[in-house]
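K.L.:
The structure that follows is given in the form of structure tokens.
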Amino acid sequence: ITTIIFYKFLLYRKLTFLFPLQVCGRGFFLSEQSECLPCNCKGHADYCEDITGICINCKYHSMGDFCEMCEDGYILTPGLGGRHTCQPCACPLPIPSNNFAVHCDKGGATPRCKCQEGYSGNYCERCAPGYYGSPMTTGSSCKRCDCNGNTDPNLIFNECHNVTGHCQHCWGNTAGANCERCTPGFYGDAISAKDCRECDCESGFCDMHTGGCLAESSTVNLCNISKSCDQCIWHLIKDMEHSNKTLDQLKVGVLNITTGAAANDRVKYYNYTAHQLQVHAHLYVLLISPFTIYNITAVDEKTHKFYKNSTLSHSNVLAVVIKFQLMFLVMFAVLGRIRQLEKKLMITNSRLPSVREVLSRFSGRLSEAQGFLAKADSNVHEAENKNRASVLKFQRHEVISRDPPQLLQRPTSLSHLHYNVTEYHAAIDGASQKLTEKTERLSLVDRDLVQKADRHAEGLERQANELEEDLRKSDANGFVQRAITAANVYNNIVKYVDDANITSLTTFNLSERAEDVCQIITPQRLEFTSEVASETLNRSVEVLQSITPISSKVEEWNNNMKNNEYSTAAYEQAVASAGAAVENLNLLVPTLLDKLKVVEDKKPVNNVTTNIMRIRELIAQARSVAKKVQVSMKFNGQSSVEVHPHSNLEELKTMTSISLFMRVDPDKDPIEDRIILYLGDRNGVKDYMGLATKNDILVFVYKLGGEDIEIPLSSKPVSQWPAVFNYVKIERLGRHGKVFLTVPSQSSTDEQKFIQKGEAPGTESLFDIDPQDLVFFVGGVPPDVKLPPPLILAPFVGCIELSSMNNDVISLYNFKQTHKINVTTSPPCPRYKLAFSQSRIASYLFDGKGYALISNIERRGTFNAVTRFDISVRTIASDGVLFLMVNEDKFFLLELKNGILRLMYDFGFSNGPKLLENNLAKLQINDAKYHEVSVIYHQSKKVILLVDKSHVKSMENPKTTLPFADIYIGGAPSSILKSRPELSSVVGLKGCVKGFQFQRKDFNLLEEPGTIGISSGCPEESFMSRKAYFSGKSYLGSTAKISPFDNFEGGLNFRTLQPSGLLFYHNEGSDEFSISLENGAVVLNNRGVKVKSHKKQYNDGSSHFLLASVNNQKYSLLVDDEDKQFKKRPTSAAGSSYDSEEKTFYYGGSPSSTSKNFTGCISYAYINRLDRDIEPEDFKRYPEKVQISLEGCPVQRPPAALLLRHRANTSGTKQSQKVKDKSSLPPVLTELGSDDQESAEPNIKSCFLSSSPKSIHHAFRFSSIANSRQHYTDFPDSLSQRSHFSLSMKTHSSFGLIFYVSDAQEDNFMALFLAHGKLVYTFSVGDQKVKIKSEDKYNDGAWHSVIFIRDGNVGRLIVDGLTMLEDSVQGNNVSWHISSPLYVGGVPAGRAQKNIQRNSAYSFTGCIKNLQLDRKQLSSVADTFGVTPCFDGVSEGGTYFSEEGGYIVLDDSFNLGPRFELVMEVRPRVASGVLLHVHSADDYFTVYIHQGAVVVLVNDGTREFFTKVSPKQGVCSGSWHKITVIRDANVVQLDVDSEINHVVGPLSPSSTDSRKPVFIGGTPESAATRKAFVGCMRNLTINNSQVNFSKAVLVSGAVSVGTCPAT
């Protein structure tokens, strides 16, 4: 023992000599240089390990080697001195009870949360599908939906309302908040047995628990919910789910067994070696303990203990001790070296990101270079192809060039024809034989002329096809070379329009010659034709001259590319020529289109008209392509571009917003004072806007009312911008201005945003611009343009790509002219489209005109047994196509209708297209949010429609494959949409598409060759509603932190024709703050203190801007920057403090104000809120929207009546729009003003829909009104002895009268009717009745033949030739006589109830055909009430007025007195007809259509006056049109699809409110007109009361109530 102690002492002395013992204090650690250094634990730990400095026991929810991270559920928040804190994730609230994140991290300016199960949203602020609750409420959380297992099994989630938890898709005839009870009309146990069954009651209603029948029910459910799901499929799915669970359990078990066996083997190995290592382990612990805890006493104790228990000798112990000593010394040295290397590694890793970024930049540039090489190669091939095409076109031009002389000679032929007419007139006077010879000769000429016209029409179609092909070659998202291709498209457009113009003119001349000679040709007609020919040919020459420069330069450029002779000068000249040609097109093309319209109106050949319309469409598409060229231009310090400004310059006066992408490279081009853009007049003296760099700062400059305002963005100097495209936006709203800057990050989603605001010091708010002198320059200005002093700077150096102006897409390539643009020395800069976080996911903007075409869609996937389409859509539009597939007469369409998804397809089905839709308002998706829409087409089972992964609707599939190859996204060409009537009302999508997938495969829509007129990105401004239309009963309401009584500034644009109306309103108890119109003047009212404008004619239909303000000194009102009024504010009225609570305010009216609501438009409104900057109000976000239209403001011109009245006041003469006698009426009114006079003007305007929809021969439809019927009066006397009636019928109704005849007292009768879907045939025999009832139901919607025979006292009923039933009673010689009429489909009110049950005594709803008596067709119908032909095809809701004529008379509860409002929706099939008519002996009121226009004609007993609206497309376009008529005594306003006109008639003090009959769709023979309306009508309301036609006083003639043919 003494020896061991000695060696221990030596070892200890040696080790303490080598490693002196030192203990560091709290918060410090011992380094490898034996120095005490502070722990780097950010204040979250008291101790850290020696040598490494790793922190021990991190506190305050921190973790990591140096407490540099936070535990799950906490987020790192930087602090002072490099310290940080771990705060609970604000997911959504930073408190433990409402922190629902698994973890969160910093993702830019806001945290990113990874939510727990049951939560979703960026901040876990809402419940995930299948859960409900309010995570934003303190202490609340999300719970799983509880619907008792009664939800739709098609749903991916057990869907319930995400806040209340109310189940929304109860299944199996269940209802209730938790699907806990049977739905009305069903009974049973919904929770346990789940056996809700249909009530077996005549009324259809019973006790929901017992099934006992109830007499009446307060709730009527007309839905016939069918169990359309295959239960076997759902049971199989459940079995598969159980099987999957079982497999998962087995898998876990097997893994556990394997893991256990491996662990057992490892334990045995450890047991085997444990004994061998035990001795060495104890010795090792003994040796290293002094250096770990510095306790020598413990070393002695361990040594002694070890010695006592060990069997080793002293020498062995000493050897082992020395061996381990040496090993420990070596190990300690190695450990220190490892720590040094580890620190160097950490330093190296910290430098890696910058190295990787440099490598990534070089890699990107290499990729760009590779792309440029590939594009150069592609351009060479394209140039070769274009050269070949040019050669072919040149050859074709040589052939065509031989024709113009002939065309130019045609006016001579017209003169010759005029000479022939003179001879015809001579022949009329006596030379009849000569006239006959000329007529025979002319018939041969006519045949030749028609053949020539056909050949010209074919040529025109061929040219339209070539134009369409060229249009597809112009990609709006390519680089400059593609922009030149787009310019080349303009060249071809002009050529083809010229050809179309000449060809159409020729066709017109030829067809007119044939038509006019067949009639009596007049010299005036020939003179008009000659003038049109001469004028159009002259215009064509101008077009050819204007396109010559661009044509020659582009062809020269293509040839140079082929020969590798790339000429910058040639390119520059080509661009300049393109700009000039485009500018000329703006002047020439409208004139040409007017000429084409003249040709169309003169009845040319139909295929010529079609091709002209097609060329019009292609011209519009080409213009759209040029506006969407998303390519930058590089400016060299000498160049500039003049761009076409905004199309609606009036909007720029109130608000002007310009956004662009800008790139500068401070390393290459030092930042200097330079101009970026200028919007103003050419002389720089009026108001303007500009953007520039000054003193290394981006500066927004604008001028209002003589004051120059500069807003510098000093927070981010331009020299610190990265050499990438940065997003810049300048905005001026009234006198307030802002400049925005967004700097993207190329390596992450982080981006920096900067904003600076300012305002003009005065009160002027409108941009004083002259549309004729307004210019928009980018990069600089040419020498002939003078800049205002703040912008007299050097031109810009760098790259610019325009983005938008007032939310409209704008491009540098929609230029008027360029100045010193050189693409060789200054090539465009490519922009990384996804650099900004808002565009990280590829999205596409559709403007309602363009579309994407994916050809041969099966190149990425195949149409399988299950085919899936996925599209993510964001829109605020009501209607728009999502995608469409067409193959000849087959189509597959997914669209929006009234904001609701609608799926329709037809593969040649016998019963018409299949329709899948759900009209619940809560399923609208036009809420400006992205919605994922999926269509799953199961070939042999179902078609399923999903929205946001939730089931919306499904229907049985007719087991047909999808026969398509191409698919259109967001729209389609008009030629496709007009190919079928079902597609005629389809409109293009206005909104964004984030992605489209076919069979889970993505497509880049911009790279598809057939894509036209869409652009990348999805700007947020596209979904803001800054305009609203108010109807007089509407208003907008919201809340904000405002103080209108004490500190207020608000501005808005308004436009109206009404003298009075509430514009803005707020009240607190009895205190009111309002801005309104009163008798044409603008009035500001603050607690009874009124400030009134001087001018009183602000209801002139023009746009006006008002600015109202309140402060401690005064109340101010300013209108149009001219009419300025104010009142001093009393000291006692000044408020001392502002209330920060949110307060309610309204635009356009209010639910509580006594003032009249506003009628007209309000736009670009703003108010000063206490909690945010001034910005235009987004009406889409307002929670209260009552009868508001946000889809645009109708543009109105000042009514003629008001203009005349204004002139009368100034000139001293009194004028108004009155009609004194019938001769002064327009022809349309003259036509309707007499019941004797026939129309003097032929109906030359045709409708898209046929006036005679396809119907079944000898079949009639009986509508759902109580007394729909036909009367037959001519039948033989033998009917009293024996009769054999036969007919065919189809219906879905359970009850209804089909046939009835009786005597006057109804003692003798015979009837056929439906009861509970079964046929009942009955007739009287004296006091007895024969009654036969079928065993089966026949209300299945299929045709069934019915024969009912009466032979004395015996009756027989034969159905479908298979089932014969017979019944008889005693009494063969009973007298049986009947009288006319014989009723089919129903009876007049009160009849038949004596003999048949009440439910069946009403009219039959369905179709009846081939009514025969004794196998002979019954003679013509004597009277008809509510019966139309039975149409073959798809039907829709509404009331149909057939061409056979008919009308409806409303009951007297609807009164059209001197003041009323009526609204209706119509879809006409004729261009003229009466919609509504009211008359008395002295006056009348009529609403009708005439040649596609809507007219309101009023006669107040003394004078007639009228107003008229002619929609751009007319009302015969095949679409639904909404008509609103408001009458207020002598003022009548007409609104057709938001196009408004009105008239002010003479004052009539004798107007009374007497009730008069209201006729709909036509009038009786004695009324003022005999032209009845043909078409469909729906949603008629009078004074906000819905009109129910089924309760009308009379439905006369061919009128179908409740159903309209859709095609």
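Residue positions begin at 1 at the first shown residue.
Every residue gets a Cβ built from N, Cα and C, even glycine.
Among the features that TrEMBL reports, domain 'Laminin EGF-like' is placed at 145-198. Under the heading disulfide bond, TrEMBL lists Cys170-Cys179, Cys182-Cys196. As annotated by TrEMBL, coiled coil applies to 450-477. What TrEMBL lists as domain 'Laminin G' is 630-829, 841-1018, 1025-1193, 1259-1430, 1437-1604. Look at TrEMBL and you will find 1210-1240 tagged as region 'Disordered'.
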K.L.:
Are there any residues in the same chain, six or more apart in sequence, whose C-beta is under 8 angstroms from the C-beta of Cys179 (disulfide bond), and if so which?
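P.N.:
Result: Cys147, Asn148, Asn150, Thr151, Cys167, Cys170, Trp171, Ala190.
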K.L.:
Write out how many residues of the domain 'Laminin EGF-like' (145-198) are helix, how many strand and how many coil, based on DSSP.
P.N.:
0 helix, 12 strand, 42 coil
K.L.:
For Cys170 (disulfide bond), just count the other CB atoms lying within 10 A of its CB, please.
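P.N.:
Result for Cys170 (disulfide bond): 25 other Cβ atoms within 10 Å.
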K.L.:
Just checking, which of Cys182, Cys196 (disulfide-bonded residues) has the fewest C-beta atoms within 10 Å of its C-beta?
P.N.:
Cys196
K.L.:
Counting Cβ pairs closer than 8 Å, which of 841-1018, 1025-1193, 1259-1430 has the most of them with the domain 'Laminin G' (1437-1604)?
P.N.:
1259-1430
K.L.:
Spell out yes or no: are there three or more C-beta pairs under 8 angstroms between the domain 'Laminin G' (1025-1193) and the domain 'Laminin G' (630-829), with each pair 6 or more apart in sequence?
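P.N.:
Yes, the domain 'Laminin G' (1025-1193) contacts the domain 'Laminin G' (630-829).
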K.L.:
Tally Cβ pairs under 8 Å between the domain 'Laminin EGF-like' (145-198) and each listed stretch (630-829, 841-1018, 1259-1430), then give the stretch with the top tally.
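P.N.:
It is 841-1018, which has the most Cβ pairs under 8 Å.
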